[in-house]
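Listed in TrEMBL for this protein:
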type: DNA_BIND; residues: A:26-65; note: DNA-binding region
type: DOMAIN; residues: A:89-190; note: domain 'CoA-binding'
type: BINDING; residues: A:100, A:101, A:102, A:103, A:104, A:105; note: NAD(+) binding site
type: REGION; residues: A:219-263; note: region 'Disordered'
DNA sequence: GAATGTGAAAGATTTCACAGCG
DNA sequence: CGCTGTGAAATCTTTCACATTC
């Protein structure tokens, strides 16, 4: 995360905790909804509920931004929308390119949330010549050959990678070389980037695996409510289905790594 | 705190920290890759690099699972793959349903990582009658009317919601009522679920907004230093994380942002 | 000699709880 | 009063550094 590191003991100027930054979009969304319903003010309690967090956390988060509330009353919706937008840098236009226009890329291109919040899809890029020119979400798909010029001409600094895992690193390198400094990666690969470039990853199978972990746990407690200390209650999950041998079993075909991302 | 629940720190039996659970899939992926290359053993250092974390953290993570390494040598790849898979509950088959078959739903259905790691797409469900019967990723799309029976008949406990924001809560309620206890939500909405149901959220615009925040920051400081190309594998301070927004969000969670999710 | 496993220190985040302002 | 803003306490995570084991 390219943050910590460096020299400066503290970028004191504005040390907003990373955890708080990650929640600001959540608050912003809830606030936008309120704004559209013309609600003038909200209490930390109400807003917290709408955003899915608890009020103490929300107030603490806001305290890092400044004192934008009014005691005894709450927060002014419009004002807060503006302050958070500004803090997140959404008051300016961010052109982004999406590389890899398969199902996922197309889904992203059509995603309304993009345009509605300061992000503008500057171009859709795909390596398949057959895709070139075909319109997706109203934009003609451009060929990978044009990647560098597109980045440069549009001043793009944020790139979205939705290619198969095998092409991700290469695409990443080209994006970075062309000037992109922030990447949202959907390919199941760990990308190597030079210092100064931020990468955020969205990985479907990881999310599912985390759910499976908790699901498995639930299944195990079901039967024995009590909690056995120790006991490797591995848990035999619900009746469900059969089961795969697994054990020393060979790694299945394609693990994740060579995984294939729709593209 | 929205919920009154005072349930114990859950995670009782085997206290594996949530942060560690979230990284296990990462290790598993790296290990699977090594396994396919027939690499017999790895050191914490090597594996950590491949997974994009540092070795101390990796060793600490593994220490929660047990002592599966050999001092002076490292870890046996196959053995570790098995142990982590078991811990995550991937040695069994998890049938999942995907609701909302638009671009995103189709992308998910075609996502290779799904099937390869213990997850099996039991059914694709969409509310559009015109979609019914159409094959997507080799499976015929089923109509929402069948949702309950599909869940029941297949013993599905994990559901993926890829519908527009407006339909998410309703779909969620039906899934839960039918027996689903883990949900992966792609719709930009905070879902209200009863206690005991886990919800994980993947939100594209949030990820982009977080990137924008850092991007904006960069623009404001000419970091000249760092020429040290230190192949940084960006880590990502996962926000909230798993398990839990239970509790009733009063307010109408529906409307939410005008955001539109492809569906 | 090499690399794991792990107490203990250092940090970061969350939660408490209440003083203080409108 | 009602609700924000915030020190301080409680938790959770990460990092250190080294004894321990192969």
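Residue 1 is the first one shown; counting continues down the chain.
Any Cβ shown, glycine's included, is placed from N, Cα and C.
Everything TrEMBL records as a feature, shown here on the structure.
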residue : record              : Cβ neighbours (10 Å)
A:100   : NAD(+) binding site : 27
A:101   : NAD(+) binding site : 26
A:102   : NAD(+) binding site : 21
A:103   : NAD(+) binding site : 24
A:104   : NAD(+) binding site : 27
A:105   : NAD(+) binding site : 29
Intrachain neighbours beyond the DNA-binding region (A:26-65), with Cβ under 8 angstroms and 6 or more residues off its ends: 15-17, 20, 73-78, 80-81, 83-85, 87-88, 90
Among A:100, A:101, A:102, A:103, A:104 (the binding-site residues), residues with Cβ under 8 Å to chain B, listed in sequence order: A:102, A:103, A:104
For the domain 'CoA-binding' (A:89-190), mean pLDDT (0 to 100): 96
Number of helical, extended and coil residues in the DNA-binding region (A:26-65), per DSSP: 30 helix, 2 strand, 8 coil
Tally of residues which DSSP labels helix, strand or coil - the domain 'CoA-binding' (A:89-190): 37 helix, 29 strand, 36 coil
